[in-house]
Amino acid sequence: MSRVRLSRWLLAIPMSLLALATIYPLLFTVNVAMKTRRDYILDRFSVTDTLRWDNISAAWNSVGMDRYFLNSLIVVTSSVVLLLLLGSMAGFALSQLRFRGSSALFLGCLAGLFVPFQVIMVPLARIMADTALIDTYPGLVLVFVAQFLPFTVFLMTSYYKTIPREVIDAARIDGNSVYGVYRRIMLPLGTPALLSVGILNALFCWNDVLMSLVMMPSADHRTLMVGVTSLRGQYSDDIPTFASGVLIAAIPVLVVYLFLQRQIADGVAAGSTKG
Amino acid sequence: MPIGNAEPSVRPVPAGRTDGAAAGSARRRRGARARPGRGGSRAERFAPYVLVAPAILIIVVLRLYPLLLGVNFSFTGDGERNGQAVGLDNYLELIEDPLFRTALSNVGLLVLLLPVAVAIPGLLATFIYLKVPGHRFYRSVYFFPAVLSPVIVGAIFNLLLAFDGPVNAVFEAVGISPVDWLGNPDVAMFVVVGVHVWATFGMALVVFLAGFATLDAALLDAARVDGASLPQVIRHVIIPGLSRTIAFVAVTTMVGMLTSMFGLLYVMTSGGPEGSTYLPEYYIWIQQGQMNRPALASAASTVLFVIMLVVGLLQVKLLRRAGGED
């Protein structure tokens, strides 16, 4: 047994090195964002002695990061609300109600999982252009919803399957319509799954670049991630401001991660074990 | 996969539905079709469809229909030949295009690197499962890059890997000559894949840990009592016990490498140097958005779709067989 214990401690060495490799790039970026340009050129590694927020506010104001941030917030919030609403409605029906064609409809939803955006990018952009939805908020929201809905329906269906039928039967006897059951029973009972799936979807939408780039091309419609990519050209000689822009885009995600780590990991795990 | 629904339905309770609408629709219903206990107003009977309709509609119109449209589109021409049927011309052009060939050979490289990308999170999950000191800490640190956008990750590594950047500064300090990480065509693709693995192994780690939760702990204890070494435990207990999880991680990792590296390529290399870091998804984007060749892009999309189908089916089959032999 002691041999096992020793080997465990030996394993801790590469594992903590890897942990360092995981966390250091971000710490480096934070440190750089706090430096002046001169400090950065003189010494890249030294830990900054003062916390300067000048770069952050410069990136926020001058490049239009504020505008990009707002764009992202609008699109992501609307997408997640729609995803949860449509996903839970479909999930409820597919898991708890019996109706003709339900398994075919479920398979139809699942089929969406196997069609990545890259594969349908060209026709989808054309459809969006034909319907005048390209470069609009609703257009990108629809594309996000279509992208993540199969996964959302799938997870909500498997979650609602675990709710005993008696719960719904009892609600029906109390005189609730199907919609009443959805609103009064399924939505509240689905909260843990909705939270998990909602956070995951919010992350996916917030982090997306390709869909945003194709569907929202004009400069003042850029989402935050597309905005970050445009920083590179503008601030190639001003690394601290560049790092600040990157940080602005990362901070919301970092905050979400710090507080909701559990739910994110649960969502990922649920997606895999129920597959 | 929980496909279909064999359980009995929630039945509308006729007693609770004596309002006018219900009675009206009941009258309209044809007597022969009306089974007892299956009543309820028309609205009630249509309710499941109403609930599913928006989701199905969106998925069909914005996911499945475009797939057909795209395949169809790939057999038509661009520019002057817009809309005309051109047979396999686009596909022939793809084969001739050195950039698309590079993209395909890079897919081959990804397939070769796949075992590494699966083994790393698998091993780490094993260590965490065996409760290496500090395992909770490692778990949350490792997962953290997985929540960052490829754009953020790419931008951070642009800073770290710049020719005059910190990584090369460290190299110089220890006497190794600096490497042009993103400017050397022989190196750049490996760097980008490495960064992708850095950013995503936490996702696979969590999936592995969820798989471990289903593993029979008694088997593991028995192996340890028998004095099995760690490699033996991994080979004879963990791998056979987790074959389903391994298959799932392999498929999702491959799909991830094929469909979620755009952000990294866009930020880190723009497909360069010398087109060496092209992947199909980047090629599609370039042809569609920059070169104005949507039909050619559609052909590349179709090829990517076929690759993904083949890779997925092959891996599931191989791993199922491997799991069956043990």
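Just so it is clear, glycine is given a Cβ too, placed from its N, Cα and C backbone atoms.
For A:9-28, A:68-92, A:104-125, A:137-156, A:193-219, A:239-260, the entry in TrEMBL reads transmembrane segment. Residues or ranges marked as domain 'ABC transmembrane type-1' by TrEMBL: A:69-260.
Between the transmembrane segment (A:193-219) and the transmembrane segment (A:9-28), fewer than three CB pairs separated by 6 or more residues in sequence fall under 8 Å, so the two stretches do not touch. Packing against the transmembrane segment (A:104-125) from elsewhere in the chain are residues 90, 94, 134, 143, 146-147, 149-151, 153-154, 157, 210-211, 214-215: each is 6 or more residues past its ends and has a CB under 8 Å from a CB in it. Tallying C-beta pairs under 8 angstroms between the transmembrane segment (A:137-156) and each of A:9-28, A:68-92, A:239-260 places A:68-92 first.
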